[in-house]
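Feature annotations, reproduced from Swiss-Prot:
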type	residues	note
ACT_SITE	Lys300	active site, proton acceptor
BINDING	Ser183, Ala216, Pro217, Gly218, Gly219, Asp235, Asp255, Asp271	S-adenosyl-L-methionine binding site
Amino acid sequence: MNTLFMHCRPGFEGEVCSEISDLAARLNVAGYAKAKPATACAEFVCTEEDGAERLMRGQRFAELIFPRQWARGFFIDLPENDRISVILAHMSEFPVCGSLWLEVVDTNDGKELSNFCKKFEGPLRKALTGAGKLVEDTSKPRLLLTFKSGREVFLGLADAGNSAMWPMGIPRLKFPREAPSRSTLKLEEAWHHFIPRDQWEDRLHSDMTGVDLGAAPGGWTWQLVNRGMLVTAIDNGPMAESLMDTGLVQHLMADGFTFKPKQPVDWMVCDIVEKPARNAAMLEEWIGEGHCREAVVNLKLPMKQRYAEVKRLLERIADGFKARGIKVDIGCKQLYHDREEVTCHLRRLDVKKAKAR
């Protein structure tokens, strides 16, 4: 099991290779990363048998930026018939697993395998259970089968608590018809990724206030309003009338980069298309100057050296807060609903929080 297999957004295979190579160097795990363009996946092949396991034990998956999912294991070839027997034979040295996910890569070829996986899962689950290799137990490893085709599969393991919360790392979020734009799903996914679900009532509630910079027409504002917050929407463009009719939104025609609230707010969100360094500096200022307690800001990525640029900006933000003596939790992820961008979440840890009713 010396290969670490990772899913990603098509076109970002190189960023995954760079990021995982950085991690391997930090953890002294020898090996090499490889990927083909536009395949929506990458691998890190370890020279030592326990290398992939050491990578996974040494890193919280949620803190990786570009990988959507990961698993340690190996590829196997499957015959046209009796695939299950071959899979069971290769699992002889696998531990008993607590859950089973069948996955495909996020490409057109991968999506064509979805129906096959749906039909195959039932018989495979039954066979694994009968062989004593699968039980219902979240404390045990998750068995992840990623099909590259009907004849090739990556047989992998991952800790259910240290891997993606959805199969392939793709959330199943329903677009709310009342929201004025599909960008609303970006902020909802960000909350799922950065905020544990059992903390939503404490950190996203109706006694809170928020600011949406570059708000029009209101996709992100809608998420704040849906949690009952009072929102100041900053944009020179028009906001959706349905949002204004809620009575929870104040729309100010102003520049998102120069606006500052008169009183501190709980949340600042921003999806302005601008150079990433400028958005990062604004994010650091809002948190550092105490204008907000938590923030979600998108950083649009350059055409080249995307991982290097994100890493540089995150280090600059972290160094800035360290110099100020401010305690901040910093997260960054390329979400499923992101395109040529990543989403940053910052939470100031040394200020009092608003209490839910």
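Even glycines carry a Cβ here, placed using N, Cα and C.
Non-local neighbourhood of Pro217 (S-adenosyl-L-methionine binding site): Pro180, Ser181, Gly237, Pro238, Met239, Ala240, each in the same chain, at least six residues away, with C-beta under 8 Å from its C-beta.
In the three-state DSSP classification, Asp255 (S-adenosyl-L-methionine binding site) falls within coil. In this structure the alpha carbons, written CA, of Asp235 (S-adenosyl-L-methionine binding site) and the residue listed as 'active site, proton acceptor' are 19 Å apart. Across the structure, Asp255 (S-adenosyl-L-methionine binding site) and Lys300 (active site, proton acceptor) place their CA atoms 18 angstrom apart. Gly219 (S-adenosyl-L-methionine binding site) carries a helical DSSP state (H, G or I).
Cα of Lys300 (active site, proton acceptor) to Cα of Ser183 (S-adenosyl-L-methionine binding site): a span of 14 Å.
Under the DSSP three-state reduction, the residue listed as 'active site, proton acceptor' is assigned to strand. Sparsest Cβ environment among the binding-site residues Asp235, Asp255, Asp271 (other Cβ atoms counted within 10 Å): Asp255.
The Cβ of Ala216 (S-adenosyl-L-methionine binding site) has Ala233, Asp235, Asn236, Gly237, Pro238, Met239 as same-chain neighbours under 8 Å, each 6 or more residues away in sequence. Listed binding-site residues: Gly218, Gly219. The one with the lowest count of other Cβ atoms within 10 Å of its Cβ is Gly219. In sequence order, Gly219, Trp220, Asp271, His337 make up the list of same-chain residues 6 or more apart from Ser183 (S-adenosyl-L-methionine binding site) whose Cβ falls under 8 Å from its Cβ. Using a 10 Å radius centred on the Cβ of the residue listed as 'active site, proton acceptor' and all shown protein chains, the other Cβ atoms total 17.
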